[in-house]
Amino acid sequence: MGLIVHKYGGTSMGSTERIRNVAKRVAKWARAGHQMIVVPSAMSGETNRLLGLAKELQPATMTPEALRELDAIAATGEQVSVGLLALALQAEGLPAVSYSGWQVPVHTDTAYTKARISSIEDERVRADLAAGKVVIITGFQGIDDLGNVTTLGRGGSDTSAVAVAAALKADECLIYTDVDGVYTTDPRIVPEARRLATISFEEMLEMASLGSKVLQIRSVEFAGKYRVPLRVLSSFTPWDIDIAEEARSGTLITFEEDEKMEQAVVSGIAFTRDEAKITVMGVPDKPGIAYQILGPVADANIDIDVIIQNVSHDGKTDFSFTVNRGDYPRAMDLLKNQVAPATGAAQVIGDPKICKVSIVGIGMRSHVGVASSMFRALSEEGINIMMISTSEIKTSVVIAEKYMELAVRALHKAFDLDQPAEGA
Ligand code: ADP
Ligand code: ASP
Ligand code: MG
């Protein structure tokens, strides 16, 4: 018998019928003798609906004051969910109590819309658990030092759940979602994608950071830092399946490299449409130029991802990099109106219709030629690579967005990911 955290995503909480199913599943675990904490998301579509309403009324330039209100609005989605789930559990005959982030409290910094959890107070929750209650805590939100409601970024309920599990030293954190685990790539794009029984923490971290939204990256970081046993599984199995079978299902995030994982050179493929490419052309090729271009971009709080500087001709060079697509208009404006005049750049051009496709695998550490196999597979499909970036366990390429699905499918096949893994 242990202390277990369940997290249910938006689709899993998508209707009163589904919430009733969640309650029945949680009740099954509680009746098996576990102490239960549940962290639900807002009902599916609700966060988008709330942010859509806000968009209609918000000022053109989002000040910290405006972002504060955005968080106050977005956080209400989860507040409804926890209350509904508590009622459904009580209807099942189980004592249950719900809390918003500020009631626990879940402390965060003040970075509205992307706040980070700094600590979680556990007294209230522990007292409820000791009294035999199921405790339901809002995902996605917390409170800053000044008492303002903050949210943790899209997909942030995963992080809430893992952070709660870490703070209370839970025995396991189970992330229930609308797929039955972590797949070799998004099964909605590649039907041949296979579920992985296990994935190493490092690979999961890369997959999440490179665009696989099945887990928010910060939740994986938390799991790594505090060694929280983490499993991704389906909320769509019948609620009354055998609890031991349920506990073994899905995908376990592992912290040890086992032999089986060593065999797969590439474990998964991640992709994202969330970036845009910018090229500053004809800048003088002299020391300090990268800083002169990227310094103001960083000062404007715009994240930069892949960077390329070309060889120079006649003392001039071109400099390309990617930014989040949401930051693209702001970045272009800054580069055209401030950076180009200051550096003497000839032109600034941009392309928001790009995507980044990445192969991930800890086996890449010990195998050579993996990147070139990737480039061959893409060239066989006639896909032009605009940018490349590598690290120890991943290779990413930036390509035209229209080729994204083709590229993911081709790579999935080229690395035999549709074949059952040896020993699996
Ligand atoms: P939730 O609302 O439960 O948090 P999300 O939509 O945030 O669910 O995440 C689950 C989705 O992640 C899946 O429906 C799937 O389309 C997507 N996904 C992307 N990459 C993967 C992957 N490698 N394995 C499984 N699902 C993936
Ligand atoms: N409801 C929030 C979102 O849609 C948080 C989450 O679902 O994890 O992003
Ligand atoms: Mg999610």
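Cβ coordinates are placed from backbone N, Cα and C, and glycine is handled just like the others.
Please treat TrEMBL annotations as automatic predictions, because they have not gone through curation.
Quick caveat, the model's predicted, so the values are computed rather than measured.
Features reported for this protein in TrEMBL:
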type    : residues                                                                : note
BINDING : LYS7, TYR8, GLY9, GLY10, THR177, ASP178, TYR183, ARG188, LYS213, VAL214 : ATP binding site
BINDING : THR47, GLU78                                                            : substrate binding site
DOMAIN  : 278-357                                                                 : domain 'ACT'
DOMAIN  : 359-424                                                                 : domain 'ACT'
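Sequence features annotated in TrEMBL and their locations in the structure.
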{"residue": "LYS7", "record": "ATP binding site", "Cβ within 10 Å": "30"}
{"residue": "GLY9", "record": "ATP binding site", "Cβ within 10 Å": "23"}
{"residue": "THR47", "record": "substrate binding site", "Cβ within 10 Å": "24"}
{"residue": "GLU78", "record": "substrate binding site", "Cβ within 10 Å": "30"}
{"residue": "THR177", "record": "ATP binding site", "Cβ within 10 Å": "23"}
{"residue": "TYR183", "record": "ATP binding site", "Cβ within 10 Å": "25"}
{"residue": "LYS213", "record": "ATP binding site", "Cβ within 10 Å": "15"}
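Calculated from their C-alpha atoms, the gap between LYS7 (ATP binding site) and GLU78 (substrate binding site) amounts to 12 Å. Candidate binding-site residues: LYS7, GLY9, GLU78, THR177, TYR183, LYS213. Those with a Cβ under 6 Å from ligand 1, in sequence order, are GLY9, THR177, TYR183, LYS213. Each residue contributes its Cα atom, and for GLU78 (substrate binding site) and TYR183 (ATP binding site) those atoms are 27 Å apart. Each residue in the domain 'ACT' (359-424) gets a DSSP state, and the totals come to 29 helix, 14 strand, 23 coil.
Secondary structure at GLU78 (substrate binding site), as computed by DSSP, is helix.
Mapped onto DSSP classes, the domain 'ACT' (278-357) shows 30 helix, 32 strand, 18 coil. Annotation note: THR47 (substrate binding site) sits in a helical segment as assigned by DSSP. Taking a Cβ distance under 6 Å to any atom of ligand 2 as the criterion, the binding-site residues LYS7, THR47, THR177, TYR183, LYS213 reduce to THR47. A separation of roughly 16 Å, to the nearest angstrom, links the Cα atoms of LYS213 (ATP binding site) and THR47 (substrate binding site).
Ligand 3 lies under 6 Å from the Cβ of GLY9, out of the binding-site residues LYS7, GLY9, THR47, THR177, TYR183. Here the Cα atom of TYR183 (ATP binding site) is found 25 Å from that of THR47 (substrate binding site).
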